[in-house]
Structures are given as C-alpha cells and as structure tokens.
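Residues annotated as domain 'RNase H type-2' in Swiss-Prot, with sequence analysis given as evidence: 19-208. The divalent metal cation binding site annotation in Swiss-Prot covers ASP25, GLU26, ASP117.
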Amino acid sequence: MRSRTSLLEQAALDWHPPGLVAGVDEAGRGPLAGPVVAAAVILDDLQPIAGLADSKVLTAARREKLYDEIRAKALCCSIAEASVEEIDQHNILQATMLAMRRAVLGLRLKPVRVLVDGNRLPPLDVPAEAIVKGDALVASISAASILAKVTRDRWCAQLHQQYPVYGFAGHKGYGTAEHLAALEVHGACPQHRRSFAPVARALQAPVAA
C-alpha cells in the first residue's frame, strides 16, 4: 500500500503541467471574527517538502514546522487577506475570492497556471482550475493551506491579547458555545463580522450587566 505522502506527490505530478504552477487556499471563511486569509505557493521541484497535507489534519506544532519549511524552500509564496470590513461589505464568498486574487498577484514569479482549492475561482489573468479537496490532493495547495492557517491562527493569538474575554486563542473565532456566550455577555469587538448572524444578534440584544 502506498503512503499518503507518495500519493500526494503523485497527485501533484498528475495535476501539474510543465512550468510554474501555483496552489491557492484560504483559511477563515467560517469564523465570526477576523479577516479571511489566503495564500499562494509555487513549490520548487528540486526541494521537495515531506509531510504536506491538508492543514486541518495536522497538529498545530506540525503546521508551524511546515510553515517555516515552506517559506524556506518554495520558489515563491504570497499571503494576503480580506478585512472584516470587506467581508461585511461584499459577503464572505466575494471577500475570499478577493483575498485569493491578492495572494496570486503578490507572487514574485508569475505562474502559468493556478490550482485553487474548492469549487470556485477568483478572477485571474492566468489559466486556473478549481479542485475540490485540493488541499488533500495537490502539494502546492496543501502548502498554501498551511501558510494561510498558521497566519490566521497567529492573528487570533494576537487578538486574544487585545480581547481575552472572547477566548480567540482557543476557538480561533469560530462560533463555539464559549464564543457565543462571550458575545452575549460582552457584545461584539471591532474585529467581529457584523454581517454574520450570531454577531448581528449579539449587536441587537442588550449586553448583559
């Protein structure tokens, strides 16, 4: 039986035509607070990175280690975001597409093709393909998912220092019972997404004394 890593590497070869191919993924579509972060990565075939996988199946420590390795070994990478204000103005889908586009445009090298995790594509001036579950199938998308996830988790840790009552360091902005209870008691902070229903309800309700 072939290992998960070898299967991932073979899938990368199957998806990647000759030339520079960028993998793109995002982190932070579902949370109630903070930006949505996207990353684009062009890997170096001469410097393979072992253990790439969908960021969600990796431990935080493993993601941090791979983050450093990706930044060191990739031909180039770019991380971008769409702000809370842009999410509330446009909606989370359009903000995600905006962050992905910014990440691709931020690459130092222009790819000949872009592979995007999911089933939708941002507007780009290069050929692109959406790949469902691409973060588990294509190495460059896996790398992008790790960069985006680590970047956003670090942002949540910083936000926790500003607003510890919400517990951002633990739930990363997702609508856990703890987070919803904190919203009910304390109301929303400036980094909460006003267009998301739980936050909107918290803003309409009187803050508990």
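Including glycine, each Cβ sits where the backbone N, Cα and C put it.
Excluding ASP25, GLU26, ASP117 themselves, the residues of that chain whose CB lies within 8 A of the CB mean position for the divalent metal cation site are, in sequence, VAL24, ALA27, ALA38, ALA39, MET100, VAL116, GLY118, GLY134, ASP135, ILE141, ALA144, SER145, ALA148. All protein chains considered, the CB of GLU26 (divalent metal cation binding site) has 28 other CB atoms within 10 Å. The most densely surrounded of the binding-site residues ASP25, ASP117 is ASP25 (count of other Cβ atoms within 10 A of its Cβ). ASP117 (divalent metal cation binding site) falls within a strand segment according to DSSP.
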